[in-house]
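Here is what Swiss-Prot records for this protein:
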DOMAIN    43-123  domain 'Ig-like C2-type 1'
DOMAIN    349-440  domain 'Ig-like C2-type 2'
DOMAIN    444-543  domain 'Fibronectin type-III 1'
DOMAIN    546-638  domain 'Fibronectin type-III 2'
DOMAIN    642-736  domain 'Fibronectin type-III 3'
DOMAIN    835-1114  domain 'Protein kinase'
CARBOHYD  Asn81  N-linked glycosylation site
CARBOHYD  Asn159  N-linked glycosylation site
CARBOHYD  Asn501  N-linked glycosylation site
CARBOHYD  Asn592  N-linked glycosylation site
CARBOHYD  Asn705  N-linked glycosylation site
TOPO_DOM  781-1134  topological domain 'Cytoplasmic'
TRANSMEM  756-780  transmembrane segment
Amino acid sequence: MVWWGSSLLLPTLFLASHVGASVDLTLLANLRITDPQRFFLTCVSGEAGAGRSSDPPLLLEKDDRIVRTFPPGQPLYLARNGSHQVTLRGFSKPSDLVGVFSCVGGAGARRTRVLYVHNSPGAHLFPDKVTHTVNKGDTAVLSAHVHKEKQTDVIWKNNGSYFNTLDWQEADDGRFQLQLQNVQPPSSGIYSATYLEASPLGSAFFRLIVRGCGAGRWGPGCVKDCPGCLHGGVCHDHDGECVCPPGFTGTRCEQACREGRFGQSCQEQCPGTAGCRGLTFCLPDPYGCSCGSGWRGSQCQEACAPGHFGADCRLQCQCQNGGTCDRFSGCVCPSGWHGVHCEKSDRIPQILSMATEVEFNIGTMPRINCAAAGNPFPVRGSMKLRKPDGTMLLSTKVIVEPDRTTAEFEVPSLTLGDSGFWECRVSTSGGQDSRRFKVNVKVPPVPLTAPRLLAKQSRQLVVSPLVSFSGDGPISSVRLHYRPQDSTIAWSAIVVDPSENVTLMNLKPKTGYNVRVQLSRPGEGGEGGWGPSALMTTDCPEPLLQPWLESWHVEGPDRLRVSWSLPSVPLSGDGFLLRLWDGARGQERRENISFPQARTALLTGLTPGTHYQLDVRLYHCTLLGPASPPAHVHLPPSGPPAPRHLHAQALSDSEIQLMWQHPEAPSGPISKYIVEIQVAGGSGDPQWMDVDRPEETSIIVRGLNASTRYLFRVRASVQGLGDWSNTVEEATLGNGLQSEGPVRESRAAEEGLDQQLVLAVVGSVSATCLTILAALLALVCIRRSCLHRRRTFTYQSGSGEETILQFSSGTLTLTRRPKPQPEPLSYPVLEWEDITFEDLIGEGNFGQVIRAMIKKDGLKMNAAIKMLKEYASENDHRDFAGELEVLCKLGHHPNIINLLGACENRGYLYIAIEYAPYGNLLDFLRKSRVLETDPAFAREHGTASTLSSRQLLRFASDAANGMQYLSEKQFIHRDLAARNVLVGENLASKIADFGLSRGEEVYVKKTMGRLPVRWMAIESLNYSVYTTKSDVWSFGVLLWEIVSLGGTPYCGMTCAELYEKLPQGYRMEQPRNCDDEVYELMRQCWRDRPYERPPFAQIALQLGRMLEARKAYVNMSLFENFTYAGIDATAEEA
């Protein structure tokens, strides 16, 4: 009984048969023996070294994975004849022979399987030809002739599965044919033709082999030409070698073996006295099986007809020039002729064009090719290579083409002694030829000197890589390697131009680096050894802190006192550099303050009457930090000399008279005198009085305190202020102090006594009245506070000043103490009657947001109204008023939440902003996690989110555009996160929540409060310093939130762990659904050094280009083991 096995095993079987086409392996079936008990199969390996202990043994077995029969009556057994031959015996009945047999030989990657298909001699249908080898794209025709006719349909199967059915009347000349058009390699396999309802033992079994390329082609892509295999050889589609039929050998199967011999080198002998008669030879694919050379027929026992030769007698001799046909070898040519048909005349071989001089690098193992032509064609063994020392090398590979034979020689490792003349020799029966060529062995270059340091900065080294070298040129490349001193990390390397200096960038400040050079010359193995190493040290780090000018005071026409400040962070610097630029004259004055703790300096020797631009910057070693915002200072013109002979006289307890003389030789007419008054020993600021009548040289100073000592000095003004006079000291009268003048003394005493009495009475009454008024005012304020909030709010502005807010008809007046003048800030006014409150959108501890319909400029629109609760704290009022100030100053932008207007009603402030119908971005992202909300939808559509990759990237791009606008307006957000981004119409994202924003370049937080730690930059965590660059860090976290669909940053880590690990270089890992380019942008935002983070303009540009690329930068497909990023609401509150 025969039945088909599982077709699932076929790929393993047939793929294995394609491995190692050049393996010398033959499977023989002795068809002369018809008795199953005497039948045997033999597998022979002709591989050199076959049977070594390390190689797997030859295997020969019946392969019932394809065609199965009942197990034989007794087990089959193997008989081994040495290590290279094995025989299978033990068959008991004819059905044991039907099916597929396989022989496996070779080792490692060359392990090869050879197949043989045996048909029953008594079958109903018998194949005209068992093995068919065709090319990819050809038409294959399988033909079975009728051996025992049945009037039933014929079923065709492929690898055991139904393939086609033919009506029994479709037989043509007693044959059933299956035509397969445009066959492909998967079409290979075992085919069978069987009468319907007949025993499978009566089937005709075929084997179809489809080469992986078209006719005459081989290799990957089938772009290489086959060598033109002769005498029925088949070109292997993997390596292009010819698989020769039994009885032939050679690169192109051009040589015939002696009668009765087979194998790749004709080394095997057919058994018995009958020679190869009755034997079927099966070879590695793509050859298949055939009779031996000179035999044909189903049992390979029929000799070839006259004029035919070769395996299965498929070849015709067609001999020319007196040649005779031999059924085993083909045409036997007379002397002077050769070729398949004796069509080629013998001639002396000739070596073709060859380079006269070649160059190799020492230690390499080159391949040298030598091509020759002639009749007969040069073959392997007829071409040799002679070295200068007389050593002869044999070719390792021969490529035969229609007009030439090319031999390839593998040369052992070259030494300098191999330099000299080499010779290629060829010898055939037609003669011999040779050709000499010169080989130059070169030594790769090695630097003799270490690279030189030309310049250095904190993060850069400028290096001259090459001075001199040993060995041979020319220099094709210079590879510079560098790494930190005493470090074990891998060397960093760059390839540079040997004629140019090299700048090593992105180094660590104040760090030693070992720098060395490797040179290369052209050709394989041209890399030389390392040259001497040089130690180079980078400069000190640049100061990162930016000072700001607090004040400057002109103390004279050529003297200027300057004060500045720094953020309260650890100072790394050696001092300060003050720069004054005189633009009119194109001159610069620099003042070096070498004391890093200094915060003030007196600049002298300046040019009077000059406009200066002033800035200050921190320096460290020789490097300058960022300059402060510049200030413009005007020095007055040079003034007159000091007034002369100033003296003072007390007139009473509140009056002192000053007298002086005009300055000598003033520079022009005096316009006025200036008197300076200051309490002696006091800490208060001095006061000044102008004497507008320049002809007067005295003045009575009134309103002074009794019994108080004062200091006075005077200076004149022409076009500029002059020098101060000498300082005089005088005290007012009182408590026994009398005037020096005898006449005015009594008068002054009486007047002083009267005035003291009057002042005492008036002071007592005034104090009583003020006390009563204060009590009444306090009662009124308390009562009004209970009824409603007052209309004045105080908050701390970004500049540190206390600010009072007052509302008056659309003007927000910011009165900043101690400045006496208010600073009005206008905002669009909404009337209370034009606001219709609707639903509560959100609520916090001290504030709430209500959706409302407002009427503005005659149009109704949706708005979000923000307001404080009744018991909000002073800090909440401060932040709320500050947010209105920010919104007013920012203006309009499509990617920020814009101000619609504000309204004051009964002491409450109401701010109307744009309404975002989709809420905040964080909730919007989390709601899109469709695998959690609707798993059936997610699996049906294969997506993890209702949002596309492009929409997520659009959120990030919009947010970057909004932050670019904020940074250009010099506003620091300080709380950028997905919860503070709103989703508006058309799913546009808008930056919101400006309660913590600051309109400054640098802000140092001095107050306590809850901090968004997981979104904060390192410098903000450690030093409470906020800049636009710290907003860039927060944007990187926001980008991570978008990609992770609202995951909690650093989920599973505490704030304390973040404080510890972020400075050590820890960063969030790349989300699995995130493209490398997007994650690289996050990493750029999270760089340690703020100045290395990209500006928002660059971020917005990069995200815009990603949108234009239309690439899926965020993968929302449900890939294997997909999980969402974790969410920890408790951690987000910290």
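Glycine is no exception: its Cβ is also placed from the backbone N, Cα and C atoms.
Sorted by the number of other CB atoms within 10 A, the glycosylation sites Asn159, Asn501 start with Asn501, the lowest. Taking the C-alpha atom of Asn81 (N-linked glycosylation site) as reference, the shortest distance to any of the glycosylation sites Asn159, Asn501, Asn705 belongs to Asn159. Rounded to a whole number, the C-alpha distance linking Asn501 (N-linked glycosylation site) with Asn592 (N-linked glycosylation site) is 33 angstrom.
Summary for the glycosylation sites Asn81, Asn705: the Cβ-based neighbour count within 10 Å is maximal at Asn705. The secondary structure of Asn81 (N-linked glycosylation site), as reduced to three states from DSSP, is coil rather than helix or strand. The separation of Asn159 (N-linked glycosylation site) from Asn592 (N-linked glycosylation site), Cα to Cα, is 93 Å. The local packing around Asn592 (N-linked glycosylation site), expressed as other Cβ atoms within 10 Å of its Cβ over all shown chains, amounts to 11. In this structure the C-alpha atoms belonging to Asn705 (N-linked glycosylation site) and Asn159 (N-linked glycosylation site) are separated by 122 Å.
Taken residue by residue, the domain 'Fibronectin type-III 2' (546-638) breaks down under DSSP into 0 helix, 51 strand, 42 coil. Across the domain 'Fibronectin type-III 1' (444-543), DSSP classifies residues as 0 helix, 46 strand, 54 coil. DSSP places the residues of the domain 'Fibronectin type-III 3' (642-736) in helix, strand and coil in these numbers: 0 helix, 45 strand, 50 coil.
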